[in-house]
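Comments concern the structure below.
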Amino acid sequence: MSAGSPVRTPRSTGVAPSTAHPVRELITARLASGSRPHGRSDDARLALVIEGGGGRGAYSGGMVLALEQLGLTDCFDDVYGASAGALNGVWLLARDAAAGMSIWWDPAVIRRVTNFWSPLRGRPVVDNEYLVDTVCHDLVPLDCAAVLAHPVRFHPLATCVDTGESVDLHAHLSDQDSLRRALRASAGMPLLSGRPVPVGGRRFLDAGISQPVPVHTAVADGATHVLVLRTRISTQVPEPIGPLQRRFMRAHLARKAPGTVEVWSDRFARECADERFFAEHDANPLSAPSVLQIRPPDSASRVLRNDRDATQLRRAVEIGRRATLAAFEASVPHSGSRSGRELACER
């Protein structure tokens, strides 16, 4: 198989089977013992990795909601998020995922955050500044202090516009403003989200340019066990960049973010390599590091990167939630009830 060949996997229900798996066993053991960060009785390092993908992030939003409902947040040592994955992960560490995930299908928020007419009003097509600094401050307040004080470390990823490298912004999280800047940087899509975001003396754009699934950063940091929340169904293989898109985006990036031109152009090969990595770990769950992924089922309708359909996005959140509950149904007890702000939408 060539380096740029996509990996085709068997059709999937999206549910990692509830059989023995080192990641599932570690989570179950930590939950049963009441283990908390900085007070572990094991020597493992468990990372939660959350894929981005724009509107597809609604799937991982539902997965994050399920982890909160199952009481698994404190089982992790680190949370890594790329783009929409970082926006989902921050609500888990704020211990308010139910409120945060409701943003995904709020019609008023959708119309304001993603609007192709916005440039006529001097705003970007995807207004992450409004999302992070207004929606997550005034409408659905994000408890930044809780995130910063949480014993589980938060790692929002972003892409440096001058070098094209994937950068973990964890070291720059010191207060509410720096946390919000990091979230905007991680989700700052080129062309659509306006100017690069300055963090720590450098400028950044969307994490997905260089590392859409930040599993490699987690492993490099020493993670021995990794739970990965995916936003692509198993049959949705990477697709080559078309010639017109390649020509247009290379010209745009050369002007606005010159260091990202080559890393963006190599996206297809990198995504294929990621799928091979996951396929190898699916086939060999005992290989180190141990990696378990949860994906939307193949029956799920595809959500577009800039999807504005509130019903579709709400359904995607629920599909992700159910996939995660099913992945742990044999090992982690849960009532399946929905109370207060724990929202579930019926198919």
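Start at 1 and count along the chain as shown; that gives each residue its number.
Using the three backbone atoms N, Cα and C, a Cβ is placed for every residue, glycine included.
Check TrEMBL against the ranges 81-85, 171-175, 246-250 and you find motif 'GXSXG' recorded for 81-85.
As annotated in TrEMBL, motif 'GXGXXG' covers the listed stretch 52-57 rather than the other ranges in 52-57, 334-339. Of all the active-site residues listed (Ser83, Asp206), Asp206 has the fewest other CB atoms within 10 A of its CB.
Residue counts of the motif 'GXGXXG' (52-57) by helix, strand and coil are 4 helix, 0 strand, 2 coil (DSSP-based).
Geometry remark: Ser83 (active site, nucleophile) versus Asp206 (active site, proton acceptor), CA distance 6 Å.
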